[in-house]
Amino acid sequence: MAGGGVIGVGGGDGRKPYPGNLTPYVTITCIVAAMGGLIFGYDIGISGGVTTMTPFLQKFFRKVWEKKEADKSTNQYCQYDSQTLTMFTSSLYLAALLSSLVASTVTRRLGRKLSMLFGGLLFFAGALINGFAKAVWMLIVGRMLLGFGVGFANQSVPLYLSEMAPYKYRGALNIGFQLSITVGILIANVLNYFFAKIKGGWGWRLSLGGAMVPALIITVGSLVLPDTPNSMIERGQTEEARAKLKKIRGVDDVDEEFKDLVAASDASKLVHHPWTNLLQRKYRPHLTMAILIPFFQQLTGINVIMFYAPVLFNTIGFGDDASLMSAVITGIVNVGATLVSIYGVDKWGRRFLFLEGGVQMLICQAVVAACIGAKFGVSGNPGDLPKWYAITVVLFICIYVAGFAWSWGPLGWLVPSEIFPLEIRSAAQSVNVSVNMIFTFAVAQVFLSMLCHLKFGLFLFFAFFVVVMSIFVYYFLPETKGIPIEEMNQVWRSHWYWSRFVEEADYPNGGMEMSKGNHGPKNV
């Protein structure tokens, strides 16, 4: 389905686009809220780097360090294969999965900003424990608190951004979340590079404890941010919500959008069990996207590259310092490509970026698999690696990261947060975050074992999924560019496949998504 010609179409009654400007107020608000991504990004970047620091391994994972020292010339694929070490990295994602289920209720009943506040406080506590860790159990407890924080932030921030942004700029403002994830990864990589050089071997404490800084940013940010009009109406603050909507949009004529928000809220109040409601036939397209988009996002293989970029480059033979430097290079590419996505998402549309990114990642994965296979073979013993070879591998990994960072990276958070109607929005976003965390956990937990057994075939494993997800997007994901968030139902009704689930009778008055089919919004 084309995305260009449907801006502001409200369904059958030909309503005009909602008026509104991109005000400085809403821009600053969205930038502050998007900082919620820093905690997730900082953690992804820091955990991969810390696990290559020798003093850290000697203190907590001595067997891994001894194996790494003993394996200098033998199988490079298996030197970091340790379930305990992997549990350190991936325990965070189990905790995030659990907390995102709780965060759904908090986000719905108490508002988006309170959910962000909880996220910041929990993440701060986890960073404090990790920075002062004396034993492995302290590391794991700290990681789990970090995970609870990530679950709350990833649940509330994308919803907050999608609800605050004027629909014409929703894509760009929402991707601010992904941008701050990539900035978090880059900052973590740069800090790891310098902290690893500290004499006395305590640099890892600064790396892990440094997570307190992004935690403070989102905590303080959540205290000064306004709540979204959608959330205020949902909690009965109708008049305050109208005043807030005028301030956010920078115009006095907000009646049309306000009526639609109130109608959506009235519908959502009829839904007492949003979790069971999600299983209704008319929400089949929403549930499918909430599950498959984060599932596919993790199976692009990106977290493998980002978590373990230092490990990966070390394995390819770069040495400890060079491997952290290579991770900084990929981090810079990640941030740059996300800026491209912010520029293009509301111009070129979501589908174009998804498909182009898929092709780019597929080509790069094939080349990297061929390069690593040619040198390391199945024995994992590369001998001496020429410089041109190492540069080639890093170059293609960077092109791969760029492909992800302007497609599945930001859009994996943007598209689910903008397609859910209000009555199931918190529950569906919770499913989205949970699926994301389940597969992040699964990929993190089995990656080092898979690298050990599949060897260079691991890249082909992820390449296969890139083909599958690109086919899925081509046939099943409609374009959502330029469509007001409460009018999104029209994209399902005009889709060749999903229209059979979303009946016109369910939504008698055009674009609004109503519960039980008998409470349509009033004509405006």
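The backbone N, Cα and C atoms fix where each Cβ goes, glycine too.
Whatever TrEMBL says is automated annotation, not expert-curated.
Annotated in TrEMBL:
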- 29-481: domain 'Major facilitator superfamily (MFS) profile' (DOMAIN)
- 22-42: transmembrane segment (TRANSMEM)
- 90-107: transmembrane segment (TRANSMEM)
- 114-133: transmembrane segment (TRANSMEM)
- 139-161: transmembrane segment (TRANSMEM)
- 173-196: transmembrane segment (TRANSMEM)
- 202-225: transmembrane segment (TRANSMEM)
- 287-311: transmembrane segment (TRANSMEM)
- 323-345: transmembrane segment (TRANSMEM)
- 352-376: transmembrane segment (TRANSMEM)
- 388-409: transmembrane segment (TRANSMEM)
- 430-450: transmembrane segment (TRANSMEM)
- 456-477: transmembrane segment (TRANSMEM)
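Contact between the transmembrane segment (22-42) and the transmembrane segment (139-161) is supported: at least 3 Cβ pairs lie under 8 Å, counting only residues 6 or more apart in sequence. Segment contact holds for the transmembrane segment (352-376) and the transmembrane segment (456-477), given three or more CB pairs below 8 angstroms at sequence separation of 6 or more. Fewer than three CB pairs closer than 8 A are found between the transmembrane segment (202-225) and the transmembrane segment (430-450), and contact between the two stretches is not assigned (pairs 6 or more residues apart). Highest Cβ contact count with the transmembrane segment (388-409) among the listed stretches 114-133, 173-196, 323-345 falls to 323-345 (criterion: pairs under 8 Å).
Taking residue pairs at least 6 apart in sequence, the transmembrane segment (90-107) and the transmembrane segment (114-133) share three or more C-beta contacts under 8 angstroms. Long-range neighbours of the transmembrane segment (430-450) within the same chain, counting only residues 6 or more positions beyond its ends whose Cβ lies under 8 Å from a Cβ of the stretch, are 80-83, 85-87, 89-90, 93-94, 96-97, 100-101, 103-104, 147, 151, 154-155, 278, 287, 290-291, 293-295, 297-299, 303-304, 307-308, 412, 416-417, 458, 461. Taken together, the residues of the domain 'Major facilitator superfamily (MFS) profile' (29-481) have an average pLDDT of 85.
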